[in-house]
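Beneath this line is the structure, given in structure tokens, with notes to follow.
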């Protein structure tokens with residue numbers, strides 16, 4: 001017979017059985033005592049009452065069941081089984097302390113009652129008293145070392161108490177008792193995951209899956225551990241293997257789509273989402289994601305089709321309307337973009353973002369004063385919304401009116417003294433006005449208010465790198481920014497450029513190559529990599545990158561001069 005495994009809940013669970021109440025009829029066995037003097041009348045009566053209590057449990061009458069079980073205990077006060085049954089009814093009534101005490105009484109009556117030991121441990125776990133549960137589980141194992149569930153309960157209790165070594169030892173004992181325990185290997189993997197040892201965890205998950213190929217949770221956790229090791233390709237293969245077993249595992253499909261997107265495998269993500277849509281999985285949410293991928297792929301007509309169809313069925317889906325308007329904006333169809341953004345009502349979470357877009361769209365349409373008036377009116381109506389001031393300042397910034405944008409923010413700085421967004425935008429404006437010292441001061445304020453603001457860390461680090469000052473400090477800021485956003489090509493560019501300014505060219509090349517992989521059409525980043533190659537005497541590579549910059553920005557005479565210099569001095573062509 002195929003053995004069925006189930007993952008033990010990290011919180012407590014118990015299989016509850018039951019009880020009852022009411023008038024207790026005399027069991028027929030009382031009449032039989034005259035014919036059979038060896039019959040234990042007390043035990044027979046208590047079991048008869050117990051059987052009645054079961055009916056009440058099945059009917060949900062726990063008070064009645066409890067009354068009957070208490071009557072049964074009066075008939076047979078030494079019955080550990082009845083005490084455990086009372087504990088189970090108390091659990092149904094959420095009377096956990098009473099359940100624990102009844103269970104402990106059962107154990108006193110019969111210390112070898114393994115089910116009572118397990119139940120007491122489970123109750124304590126449910127009360128978040130895991131450490132107290134451990135002795136009960138250990139005693140249960142002494143009584144019956146063959147029970148797999150007890151090892152799992154004990155190991156989980158150890159993990160929750162951060163006693164990882166004890167948990168590992170417990171599970172390894174289980175695997176000696178039962179070398180084919182897929183669940184044992186699975187929980188070893190979970191324990192190593194808790195210890196942040198993803199590689200070891202993955203090995204145990206693999207063993208669990210070898211023993212039970214359809215063990216879905218083990219496959220999922222194997223994929224996650226592979227992701228933690230940076231093995232995205234292996235994780236994708238693992239999730240696809242699970243989908244061959246269970247093609248409708250919605251959570252795994254969703255996660256795999258996100259992983260494809262992170263890896264920029266948009267066609268794979270799109271294929272998966274289309275299969276979901278064809279199978280009726282995920283409803284409009286699936287179509288929304290299809291539309292967003294089309295938008296990312298610049299397949300604007302397809303994106304518009306998806307978003308429009310959703311809005312045809314759900315006209316109040318304001319998030320989708322926001323995406324539709326943004327698609328028109330990307331297409332530079334400003335009139336339609338304005339039309340859609342204007343439909344987003346003040347009650348929508350996207351309303352203030354829509355106002356910001358409208359301001360810029362009016363400017364792009366040659367009506368900047370209309371955008372300014374719109375945002376000023378919104379500020380009059382909603383003076384406490386910082387987004388409106390930021391949008392208005394940003395609009396002035398886009399018009400190269402830096403002083404006017406700065407004035408908008410300085411006028412309300414006292415109203416939002418601890419909002420890092422305000423200080424960041426002011427820092428950018430000071431920088432564009434040529435006031436580096438004030439810009440640096442503002443960025444330091446942002447970091448003081450929000451130490452994990454990767455954008456501010458990057459801005460300050462890059463500013464120092466560009467100025468060629470405080471380069472060690474710049475590295476600290478930029479390395480932290482990379483830790484926060486490891487796949488941000490612009491931050492990696494800043495880090496590589498800081499190493500370049502420090503003349504650490506090997507490290508500069510390393511980070512700049514990664515930056516170009518992530519942002520392959522940015523002339524500034526490609527130019528930085530070319531400079532690093534040149535400084536590192538990799539002239540052929542430098543030449544290739546400089547030529548790419550010139551393709552993107554043909555007017556760059558400085559790049560043309562660098563190309564001529566390399567060809568003249570090195571003979572490279």
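Glycine residues also receive a Cβ, built from the backbone N, Cα and C atoms like all the rest.
Per TrEMBL, repeat 'TPR' is recorded for 46-79, 80-113, 114-147, 148-181, 182-215, 284-317, 352-385, 420-453, 489-522, 523-556. Under the heading signal peptide, TrEMBL lists 1-20.
Only residues 6 or more beyond the boundaries of the repeat 'TPR' (352-385), in the same chain, are considered here, and those with a CB under 8 A from a CB of the stretch are 322, 325-326, 329, 332, 334-335, 337-338, 341-342, 344, 391-392, 394-396, 398-399, 415. Look at the repeat 'TPR' (182-215): DSSP puts its residues at 27 helix, 0 strand, 7 coil. Taken residue by residue, the repeat 'TPR' (114-147) breaks down under DSSP into 27 helix, 0 strand, 7 coil.
Secondary structure by DSSP for the repeat 'TPR' (80-113): 27 helix, 0 strand, 7 coil.
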